[in-house]
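Features as listed in Swiss-Prot:
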- 20-407: topological domain 'Extracellular' (TOPO_DOM)
- 24: N-linked glycosylation site (CARBOHYD)
- 36, 72, 237, 238: Zn(2+) 1 binding site (BINDING)
- 72: active site, AMP-threonine intermediate (ACT_SITE)
- 98: N-linked glycosylation site (CARBOHYD)
- 107: N-linked glycosylation site (CARBOHYD)
- 145: N-linked glycosylation site (CARBOHYD)
- 149: N-linked glycosylation site (CARBOHYD)
- 157: N-linked glycosylation site (CARBOHYD)
- 166: N-linked glycosylation site (CARBOHYD)
- 189, 193, 336: Zn(2+) 2 binding site (BINDING)
- 254-287: disulfide bond (DISULFID)
- 259: N-linked glycosylation site (CARBOHYD)
- 327: N-linked glycosylation site (CARBOHYD)
- 386: N-linked glycosylation site (CARBOHYD)
- 408-428: transmembrane segment (TRANSMEM)
- 429-452: topological domain 'Cytoplasmic' (TOPO_DOM)
C-alpha cells in the first residue's frame, strides 16, 4: 500500500507541479541588464549593498560560464540567442568573412552579419509581443525584416539614468507597451581595461557607481509600480584578467607583416595567411611560450569555435594575462577574450521578480542556458539553441524539479526497490522456525480440571 501511494505521489508531482509557462494572466515582462566586464568575484571583493539587496530578494548565480571567445559582441549575442559563437556567426568584435570577403567592425549595422541567428527580441515580436532595447549590441540592426518597437541607438554619451528611464517609460506607456527589454552599460569593462581588475582603489570607485546604478533601477521600478511584476536579470558578458606592459607578444618579432593579415587581436588573434599557410603556422608556433597556435581544424571542440567561415585559418590564444599585438606597445592593464574555462573570464547572474525564487543561490550555469530561461519566462517558443532549461530551472518558483521522464525513472526504481524488499521479507519468513500462535493446554494429573 505504501509503495502504491509513493508511486501515485511521484506521478502527481511530475504531472501537475511543474510550471511549463508563467501562470500570470497578464503578459509576463522581463528586463535583462548587462554590465560589461563584470567579473564574478567582484561581488566578494567589493561592497555592493544595492546588488546584495537585489540578490537577497531574488537569486544569485556565483559564476556564469560564457562562450569562447570571451569578448563583448560574441557573448552578448549568445545571451540573446542561446548559441555558441560558431553557430550565431558573431565570432569576434572584428571579423573577416572568407566566403564574402567582407570585413565587420563593431559599428557595422548590415543585417547580413547577424542573420545567421535570431535574437530573442525578434522572436518575442514575431509571437505577438513588443520588445525594446537600450543599446544592447546588435539591437539597432533590423534583423529578419523586424524592427524593434522601441530602441536607443548606441551612444556612449547617453547616461545610465536615461537608459533606465526610457525602458520604464516603454514598459508603462498606455499604447503598445513592451514586455521585454535589454539594457547595456559599458562599465566596469572600460575601467577594468584601463586600471586592471587588481587595482582595488580605482575598481572600488567604478563598482560603487555600478552598484548605485542597480539601486537606481530598483527605485525606478518601485516608483513605477513594476518592482513586484517585472522580472529582472542582471548579468555580464565576460570578466577581466590582470595584464602588464611587460607581458606583450609582438608578432612581427617572429614573422614578417607581409606574410599575414591580423583580423582580430589581443588576446585572441585571428590570422589570415597571405603566403604559405604551413610556413606562417610554423613561424608562429615557435613565436612565444605563452601563446598557443591552432589550425582552424585543430581548435579544441570544447570551445565550439571552428565551424564558421568567419573563423580564420589560424587562431592564436595567449595565456592568461598576456596580450598579442603586431608590433606596438599596449597601455591597458586589463583584458579579456581568453579561454572560457578561466574563472577570471566568468561573469555572474542575479535575478529578481515573480518568476524567480527568493534568497536562492546557485554555483554555476552556462550562459547559453539564459536564452531558454528567458523564453520560458516570457511564455514564448524559443528557436533551436545550445542551451537547456533543465540546468537552470531551479532558479524559478513553482518547479518540482521532476519532469515526466525523470518521474518514470523514479517510479521504475521505486518498484525495483519495493520488489527487492518484498522478496527479502518472504525469504526471511521462510527461514524463521514455525511457531503456533496458540498451543494446546497440557494438563498435569494434579491440575484441577477446568470443567468439573
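Note that Cβ sites are derived from N, Cα and C of the backbone, with glycine treated the same way.
Because the structure is a prediction, the values reported are computed rather than measured.
Annotated features, which come from Swiss-Prot, shown on the structure.
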residue	record	DSSP (3 states)
72	Zn(2+) 1 binding site	helix
98	N-linked glycosylation site	coil
157	N-linked glycosylation site	coil
189	Zn(2+) 2 binding site	helix
237	Zn(2+) 1 binding site	coil
254	disulfide bond	coil
259	N-linked glycosylation site	helix
327	N-linked glycosylation site	coil
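For the recorded Zn(2+) 1 site, residues 36, 72, 237, 238 set the reference point as the centre of their Cβ atoms, and the other residues of that chain within 8 Å of it by Cβ are 34, 37, 70, 71, 75, 76, 189, 236, 336, 347.
Checked against residue 238 (Zn(2+) 1 binding site), the recorded positions 149, 157, 189, 259, 287 differ in C-alpha distance, with 189 being the nearest.
The candidate set comprises the binding-site residues 189, 237. Of these, 237 has the most other Cβ atoms within 10 Å. Between the CA atoms of residue 157 (N-linked glycosylation site) and residue 166 (N-linked glycosylation site) there is a gap of 15 Å. Put simply, residue 336 (Zn(2+) 2 binding site) is 21 Å from residue 287 (disulfide bond) when counted between their Cα atoms. Nearest Cα neighbour of residue 189 (Zn(2+) 2 binding site) among the listed recorded positions (36, 98, 145, 237): 36. According to DSSP, residue 166 (N-linked glycosylation site) sits within a helical segment.
In this structure the alpha carbons, written CA, of residue 166 (N-linked glycosylation site) and residue 193 (Zn(2+) 2 binding site) are 28 Å apart. Listed in chain order, the extra residues whose Cβ falls within 8 Å of the Cβ center of the Zn(2+) 2 site residues 189, 193, 336 are 36, 37, 72, 190, 192, 238, 240, 334, 335. Between the candidate recorded positions, 72, 107, 145, 149, 327, the densest Cβ environment within 10 Å is the one around 72. When the alpha carbons of residue 259 (N-linked glycosylation site) and residue 72 (Zn(2+) 1 binding site) are compared, the span between them is 29 angstrom. Taking the Cα of residue 254 (disulfide bond) as the reference point, the closest of the binding-site residues 36, 193, 237, 336 is 336.
Between the CA atoms of residue 327 (N-linked glycosylation site) and residue 107 (N-linked glycosylation site) there is a gap of 25 Å, rounded to the nearest whole number.
In the three-state DSSP classification, residue 287 (disulfide bond) falls within coil. Counting only the Cα atoms, the space from residue 336 (Zn(2+) 2 binding site) to residue 36 (Zn(2+) 1 binding site) is about 11 angstrom.
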